[in-house]
Each structure stands twice: as structure tokens, then as C-alpha cells.
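Feature annotation from TrEMBL assigns transmembrane segment to 12-31, 43-63, 69-91, 103-121, 141-160, 167-189. Residues or ranges marked as domain 'GGDEF' by TrEMBL: 353-483. The feature domain 'EAL' is assigned by TrEMBL to 488-736. Feature annotation from TrEMBL assigns region 'Disordered' to 724-744. Look at TrEMBL and you will find 731-744 tagged as compositional bias 'Basic residues'.
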Amino acid sequence: MDGTASTWPAALQFFLAGVLGGSCVLQWVWWRGELRQAGAKWTLLWSAVLALGFVANGLLAMAPEGTTGSVLLFVRAQLFVAVVLLALPATRAYAAGPPVRRYVLVAGAFGLVRAVLWVTTDVVMTHSYVQGLPVYGPFDAATFLAPVVVVALYVVRAVGKLRITPVGILLLASGIVSVALLVASHLVADRATAEGFATMWALPLGLGLEVLGLDRLRRAQGDAVRQNEMRDAVARIANAAWFIKDPEALLLRAREESRRLLDDPTIEGSLRPLARGRFVTELFSVEHDAGSTRERGFLMDLAQIVSAAAERHALASRLSQAAFTDSLTHLPNRHALDQHLAEALDQADVERTRVALVYCDLDGFKRANDHHGHAWGDQLLVQVADHLRSAAPPGTTVARLGGDEFVAVIPRAGTYDDLMAFGRELRAGFGGTSPEQNPPRLTVGVAVREPGETVAPDQLLQHADTAMLEAKRTRAGVVFFGRELRNRVNAETQLRRALDEGVADGEFEAHYQPIVDTVTLEVVGLESLARWTRGGQVLMPSDWLPLAEESGLIVPIGQALLASSRAGYEKFRLPVAVNVAARQLAEPDFLRHVERSWGDGAWTQLTIEVTESALLDDSAAAAGTLAELRRRGVKIAIDDFGTGYSSLSRLATLPVDVLKIDQAFVREIRTRRGKAVLRAILALADAHGLDVVAEGVERASELTALAELGVPRVQGNLLGRASATLPVRGPRPRPRGRRPVRVL
């Protein structure tokens, strides 16, 4: 300490300070890695103070006697006291000991008294040196041992019943050795030996702290590896959740992963459903405590994955059920039917058996549903579903296509007689719960796929639907899709194909039937009738018109007829009447179609003929369209007047200019009753200011009688058949009021 001593003690002190400084870095990493645990914090501070103590010893070994040496001695003494005091919170943090505040206050008070006495008196430090060594006062040992005794009492109390690890034993032993050296430094009489003890007393404790730091580093590395393993385990369970469809099986796999990774065979799991499709999962140890925060978080992550997978599978199950189940009747829906029918046909190919399809429809359901309300209609549909389920043979799949249509798929179907008997049983066994005297009844169509036949599922369904529609048309109740019906369907298919080609190739043209004045017999107008010329043969409308209206091809045919009629007007310069089907009138763009087909101008030369049923089916929309045409000058005629419903009562509300008397009334003109009906129609037309045209005049007597009644215009084969050329024009009309001519 005289400044001339060897430098190796100082170098040793500085080396130990560096080692403890490195330990401080390790302790700092440990403190950050363990979520700021108190034990790591106090160990870090303890190591830092010890490192400063070694630095002070090194500096003291090289410092000369005097003020510098005295200051360094005082700093070293206070660092010794600080090391003793830091043992209190460090022990409490590791051993979970009792409150440490009182012990710190008492030990700190002793340390403070020692520091004051050191500075102000000579009882602790005489501030003198003998042979380069400091001389301490009589109270040096007492004032230092007092806080040491306080700390020792607390340590004994805190760790007395604590289970200490091998590293803890080593640290405790090193602390005891250091304390013994420190105490000896104040009790040994030989000043050189005492100073040696005072210089080296912290070495055992520093080594213990270094071992603790290395152990903590090893444990931190182990924790990092374990954390990575936990992360990998969570990833494995998350991936497995997409492939394992059973949540219980996924829970078992998560349990096994946690048991293996945490080395705890007592870990168990539970999965409980909650309301609204939610699930709660728990993974817990039966015999051990909750474990560390990281372990608890690991178990919670696994539990959340299992819960999410269970909720996802439950949602998928509900969506699948909703996608393949009718929500009202709980029968399979159209999607499920398509899948099941395809599987049934594949199975039948293997077994060489028949598959039957029974197509059921409720007659009059829409009318009854509108009358009684949708709740009543839903109840009726549920009754139909229950009836079909109970009546169907074993192995039959009953599905709801939609609306009031149901289908039963019968694998390994029986004979024709068996299927027809089943269809009649379905029809006879259901009456429904309806306040009406004639409640809705089932209409049934049956189709069969024989072994070896190549019939697609959609085609078989279409066959059964066709049989059901035939049963409706013929009111037979139950119809089998047999050879005769198949041939008719094939013929209609060929006709439909020919119609498509005819429309595309422009094979439809207008033929004109003359409209004649009954007084002068002059042609005063033309009715444009569609004719189809195919392969040099003219096909009459009765051969193709029903299918054209049903398929919707009547719309392009009607547009072509209207364009051809405009050309006829330009050629013959006579007003033209064009028939418009109900399907055309129902088109949203009907008015635009008329404008495009007829062209500009000459609206007063066009008469649109519609049937009563076309007007009454959607009277509001039809009346609006026809009213717009009338505003432009187009005349509106009711074709086949008298054959519809409610025509007389609603005539005043319809946009009509002309009544065309149906030929059925013309046939009855020779009877008194027939004449009375015609007089009533003429009076009705006169009251509403309407023109009248009688259709279907075939005999001269009919023409004479119509003229005598005052019918102004007529048409029919007697006066000219429909043709592509202009009929012969008669003389100019004479003034009205003259006696009608008599036709011989």
C-alpha cells in the first residue's frame, strides 16, 4: 500500500473484478430472460458491488499512503457493508423468506454508525499506518460484526426449512467462507494477515456467484431449447387440427405432446361445449403445481388450438347440414339428391339392379298457399315430407327439390306394377290438413333406369318430371315414363331442335288472311299468321305452336312475324293485325321488341291481337304496355272474344279497340240462342265504342246472318285462306247504313 509493492495482488484483484463483471452481464441476460425476476436483479447488484470491491482492492494495493489510501479504505469498507446488506433482499428473493425491511433498517443503521465513526473518530479507523498497513480502532470488529450478525440471523430463518439445490449449497458455502474470512480480517491480531483476509474475503463469494451465473446460463439455454420445442409442438398440433376431424382425437394428441415435453404423465385434458357453438378446452396436471408461466402458456396455447378446431368442425358440420338439408322439412335438398342419385346409379351398375325415381308434386298448392297463407303452406309441406318418409320402402331416400316438389329414390326397385302401386298409395294416402273441400293432392310421376341403360342422373330426373307433368295434364294422378311417353318426348325434342334451327335460319314467314267488309265484301285489312316452311313443306301452327310457347321460342318467332307484317303492309298498303302470345306480352322488353320489329311510323296501320287470358294473367303490366302502344296509334284487339273468363266485367278497364268474335259463336248463329249471344256482344261493343270482327266464317249462311246482325267485318276461309299473296280486293266500301248485301 506504500506504492512500492508487487503488482501481482493488484492484477489479481482486477482480474477477479473482470470475472465478476462478466458475471454481471450473464446475470443481466438472465434477468431479462426471466421476466425481470427479483432474484436475478439482486444477484446482478450483488455481483456488481463485489466487482467494485475487487476494483477498490486493486487500487488500494497500488495506492500510496495518505489521503488517497484513506479514501480507498473508506470506500472498500462501505462496499463490504453493501455486500452484507444486499445479502438480505437476495436471500428473500431466492428463499421466499419473511419481510426483510426491519433487518435492512437495523443492519443499515449499524453500517451508518460505522461510517460516521470511521470519518469522525479513531475508534473504527485510526487513520495511521504501520509498515504500510492500516491500523484499525478498538470498535472496528464490533461495528462490522453487528450487521453481519443481523444478516446471518435472517439467512438462518429464511433458508432453515428450504430445500436447497446443489448450486444453492455451493453458493451458501462460498458465502459462509467469505463471511468467515471477512470476520477473521477484523479479529486476527496480525495486521498483515488481517489485511490479506480483507483483500481476499470476497473471492469465494465471487466464485459462487460465477458458478450461479454459469448455471443460470445453462438453464437459460435449456429454457430456450424447451421454448423452441414448445413452439414446434404448438405448430404440430395446429397443423394436425386441419387433418384430424375428431376434436377428441386432437385433444388426446395435444395431451400426449404436453406430457412428453413437460415430462409430466399426469397431464389430462377436457373438452366441453358451450352455447352458440363455442367450446372450452383445459389441459392441466393432476398431481403437480401449475408450473412456470411459460409452461402454463404452452398448455393454454394447445387448449386454444383444440377449442378453435372443435368450433371450426362444428361450424363446418352445421354449414354442411344447411347446404344439404332442407331447412323446413329437414329432408335432403337438391344438392344432396344429386349426390345420392349419382351414387345410387353407380351402385346399381355394380349390382345390375333397377333404380326408380318417384317425382311428387302438390296440385293447386300455389293457389291454396296464397289463399290460406304461407304458414299453412309450410305446415302442409311438412305433412307431405312426413307422409313420404313413412310410406317409402326401406332404403329409399326422400328429398325436397324445392317449392312443392318432392323426389323419392328407390334402389333395387321392383316391377312396374310395384312402382305404380306405390305411386297410387302415395297419392291415396295423403289428404292434407286443409279447410277446403278439395285439398291439394299429390300428382306422381315414376321413371326407372333399367340395368345396362345409359341414363344420367339429370336425365332420369327429367323423365320422372315429364311423367309427373303428363299426370297433371291427363289428370291421371300417377303416370309411368314408359315407351309411349318416351317416344313423345323424343318427338318433342326433335321438334324443339327443328324449331331452334328454323328460328336461326329464318324459316318463319307471314301469311295473310283477308278481313272483309260485310257490306261491300272489300278487303279492308289483313291478319298476319305465322307459317313455318321446312323442307318445302308448310307446317301449320297446331303442329308447333304449343311447344314454341312452352319453350319461349314464340318470342323470336313473334318478332320475325311482326317484322314480316311491316313488310306486308308496305307491299299491300292494308292495315295488318298481328297475333301476340301471352309469353310475348309478358316479356319486360315487349314494347322495345315491337318498336324494333315494326319500325318507325305507320302505327295506326297496326293492330295487336291478344287473348283474354293473356290480358287477365297480368292485367296491370299488360294494360300498361298496351296503353303505351295505343297512345302511339296502335289498335288493340281481343282475339277469340267470349272464350275467356271475366271478360264482360273487366272489358271497360282494358285498353281495347276491337272485339274479335270467336268462331264458336259464329257456328251457333243459326240458332236462336246463338243469335241472342251475338246481339249481346254487339250491344256490349257498341256501348264501349269498340269495333267488331267475326272470325271463322266458313259458310255463306253464316256471312249472311252476320251481315244481317250488323257485324261490320268478318274473316274466314270462305272469304280467303291465309296465303303469302294479297287476296283480290273487292269494290270500294259504300256508306254505312245501307242494307247489308245478301250472300247466296
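A Cβ is built for glycine as well, from the same backbone N, Cα and C atoms used for every other residue.
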Intrachain neighbours beyond the transmembrane segment (103-121), with Cβ under 8 angstroms and 6 or more residues off its ends: 74, 77-78, 81, 84-85, 88-89, 137, 139, 143-144, 146-147, 150-151, 153-154
Same-chain residue ranges lying at least 6 outside the transmembrane segment (69-91) that approach it to Cβ under 8 Å: 1, 38-39, 42-43, 45-46, 49-50, 52-53, 56-57, 59-60, 63, 97, 100, 103-104, 107-108, 111, 114-115, 118-119, 125, 127, 129, 134, 144, 147-148, 151, 154-155, 158-159, 175, 182, 198, 202, 205
Residues of the domain 'GGDEF' (353-483) by DSSP state, where helix covers H, G and I: 58 helix, 32 strand, 41 coil
Model confidence over the domain 'GGDEF' (353-483) (mean pLDDT, whole number): 87
